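As written in TrEMBL, here are the features:
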TRANSMEM  14-33  transmembrane segment
TRANSMEM  252-279  transmembrane segment
TRANSMEM  305-327  transmembrane segment
TRANSMEM  347-369  transmembrane segment
TRANSMEM  390-411  transmembrane segment
TRANSMEM  423-448  transmembrane segment
TRANSMEM  474-492  transmembrane segment
TRANSMEM  708-732  transmembrane segment
TRANSMEM  753-783  transmembrane segment
Amino acid sequence: MSIIIFRQWFGNKLYPILFSLCIIVSLGAFLTLDALQQSVDDYISDNQKQIVGGDIVITDNQAWSDKLLTEIKQLDKQNVVFDYQFNAIVYTDNDSLLTRIKAVSLAYPLYGDLILTGNTGQWHTGSVLVEQQVLNTLNVNIGDSIQIGEAQFIIHAEILTEPDRPLTAFGFGARIIMHDSDLAKTKLMGQKSRINYRIEIKTPENSATESAEQVAGQALLVQLNQLTKNTSISVKTAEQSNTSISNLSQNFLVFLKLLVIAVIALSGIGIMSIVKAFVSRQKNTNAIRVALGEKSTSVITSYRILFSVMALISVLLAWLASLLVLYLGKDIFAAILPNNLALNISWISGIKAIVIALILTTLMTHVTLKSIHTIKPVAVLHKHQKQQNLSALPWLWLVCSGLAALVLLYLELGNIKQSLQVFAGLIMIWLAFALLTKALMSLIKWLLDKNIIRQWMVSLALQNIFRKGNQSNLFITALSMTTMILGTITILDHSINQQLIATYPEDAPNFFLLDVQANQQQQLDEMLGESLTYYPVIRARIVSVNGVDAMTLKTKLGRYYNISRVFNLSYANELLITEKLSKSINNQELFADTIDSEPMSILASFADFLQVGLGDEVVFNVQGIKIKTTITSIRARLKRGPSPFFYFIFPPEVMADAPQIRFATAKVADDKRVLMQTQIAKSFPGITTLDGGNIAKKLKTFVDQLKGLVQIFTALSLFAGLLIFATSLVATSQDRLRESFYYRMMGMQAKDLLQLSIIEFLALGLFAFNLGVLISVIISALITKYWFSLSYIFPWQIFTIAS
């Protein structure tokens, strides 16, 4: 008897097409992201040592101690790489460029290959390797000279791929690699230089067995940890080290997957509507089958076989669609993927998709198929109307569906607490929109009941929205949530772009100078033709907060801020013009008298992160000297953007004598910034200059790539909402035909029926659109004002076109 069901199902092509689309859209996106995530995971697993540079990595922000260097020099030179990284201005006679210098010893790289082009000869000291951006910006070729600090270098070759830099979509400096033995002649290695020191170590491979090799590596690790105990030096294995690719690619892909999980849920609703419409249409056939003696369980089984087969076929089509996306759209994901990553869909991803499809189909068809048990052939064939028990909710089905969603979240997040938080958040958001939709529908119903809407065509169309089985509430809820996400992203992007990118603030500095010495200020003022604003910078680490050491706090507070890093402190007697005083111990003054400690002002955002307030204690390590401080005021930023700020500010008498550098800002005309950058690099090689406008544009390009990915996958929710609308039309097709017949009997013309349907559909779309936009306006306004501290700018033109 299953053949009858298959014939009826495929006899109406609309049912299988809509059913397949629901699964293809959701699981096609899921398979694409799962393939990307699996490929990234495999890449990290297979190349972790290559990505971080060695088996053991030692890092610090200051020169190595003699004791550590003595220990390192005992190791085989071929297994050790000294790596120094810093920003510097590189220039020729006419051009200059901000670059990221990496000075390495001869053993680099320990893992992987450094791929070059343009010169296959031996790379000697006195020459450098550069990426294409250096060649293009400075208008130089391989073999030409460039100036770095106080030394000239010959360009040996162009860098194609660095093994320890797989993610290249975003960076503030063009890459240059040089020999570490050439560093001294640049004279950029000073006590106050911003240099990241790294030592990468490869554990010996000549041990008799793999276990012996691991023991030797572990012994070296223990020895290094003991040697660097109670210092700022970090010693980690390759497995313990975090990478840019793991922090960005994996986290962002998980975020996109959460959007796709929402699409899967919406697609499930579409499947439910299609199945309900088809089974309802087959009620006479089902009644006859039961009347002929076939058990209702057998009837239900035939449907389950049909829908399971359809789910498997749809997964196959989703797999093909995903392969097509991976093949044609690899450039779309370039911002979050390592270079030359091989993309493919693993068999594990395929099995996950099949399981999800079968579980989704089973859950979404269960309630409808269960109703077949209650079929009374006589009642059905005699067209008796069945009274439904509307008060009985399928609680078991709701619990199973919730558990299935929770399990899926846990599989993707790998953390039960986060899974519960996300699940609860999704439920709360859905309920909020469902309640708003219910309130909107109640308002429309009230307007209709009170005859406030008098235009008969509009009134009749709005009444049709409440047609049984129309799923108007569900459609408006789903579509308005999608519109809210897309609207919020669009408005935030517009506000940030208008104020920080497209129209860089006229009064904001666009030229930043780092590592300025006190004796250089007068010459810089004369060079730039104005008196610059200088900010003293003292580098220090946090030792403890209210008696809790920094490493314990790092574990407790999380990774949003790295509390163990080097912080830039400053001193002043007054607030910056971009700040206001939000709290103070002493009558709105920055500082107050303290006992056995020094007064200190903290920025509000960082105080919230540290969970501290007025009177709390923070201990700093400033160049080896511990300074105990008490928070006497809390500052808040009036606006965010291209303006300096400091987390911690002290009275001048406390920090004025500490080792320090200066940070300066200036306003330079667009056509003079490159020339000024070159002149400063020639006169003061140790000063690093940043072009704020170009950096903002580069950041915007990178953010646009991420934003585009979010919009693409959020748009799938929009498509899923449209599928719900289409399936609701199918589910109510019989009622619509019956109503059309009645309207024609009353004298309506075909054009009137068409107009009636158009008004109904437009009303549903406008209700969803306006509700989503209203919420997105509120959310984006709050984020813009209180998170970004920017003015709120609504993109009228964009939303007019969207409307």
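Using N, Cα and C of the backbone, Cβ positions are placed for all residues, glycine too.
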Sequence-distant contacts of the transmembrane segment (347-369), meaning Cβ under 8 Å and at least 6 residues beyond its ends, amount to 23, 27, 30-31, 34-35, 38, 264, 267-269, 271-272, 275-276, 279, 300, 303-304, 307-308, 310-312, 314-315, 318-319, 394, 397, 400-401, 404, 408, 411
Sequence-distant residues near the transmembrane segment (753-783) by C-beta distance (under 8 Å, 6 or more away from its ends) are 433, 436-437, 440, 457-458, 460-462, 464-465, 472, 475-476, 478-488, 490-492, 495, 721, 725, 740, 743-744, 792, 794, 799, 802-803
Answer key: the stretch among 14-33, 390-411, 474-492 with most Cβ pairs under 8 A to the transmembrane segment (305-327) is 14-33
In the same chain, residues at least 6 away from the ends of the transmembrane segment (390-411) whose Cβ sits under 8 Å of its Cβ atoms read 258, 261, 264-265, 352, 356, 359-360, 363, 366-367, 419-420, 422-423, 426
Given the transmembrane segment (252-279), its same-chain partners at Cβ distance under 8 Å and 6+ residues beyond its ends are 8-9, 15, 18-19, 22-23, 25-27, 29-30, 33-34, 36-37, 40, 286, 303, 307, 336, 356, 360-361, 363-365, 367-369, 371-372, 405, 408-409, 412-413, 422, 426, 469, 471, 474, 478, 481, 485, 706, 709-710, 713-714, 716-717, 720-721, 723-724, 726-728, 730-731, 733
If one takes Cβ-Cβ under 8 Å and requires six or more residues beyond its ends, the residues near the transmembrane segment (474-492) are 259, 262, 266, 269, 429-430, 433-434, 436-437, 440-441, 707, 710-711, 714-715, 717-718, 720-722, 724-725, 728, 764-765, 767-769, 771-773, 775-777, 779-780, 783-784, 788, 794-795, 798-799
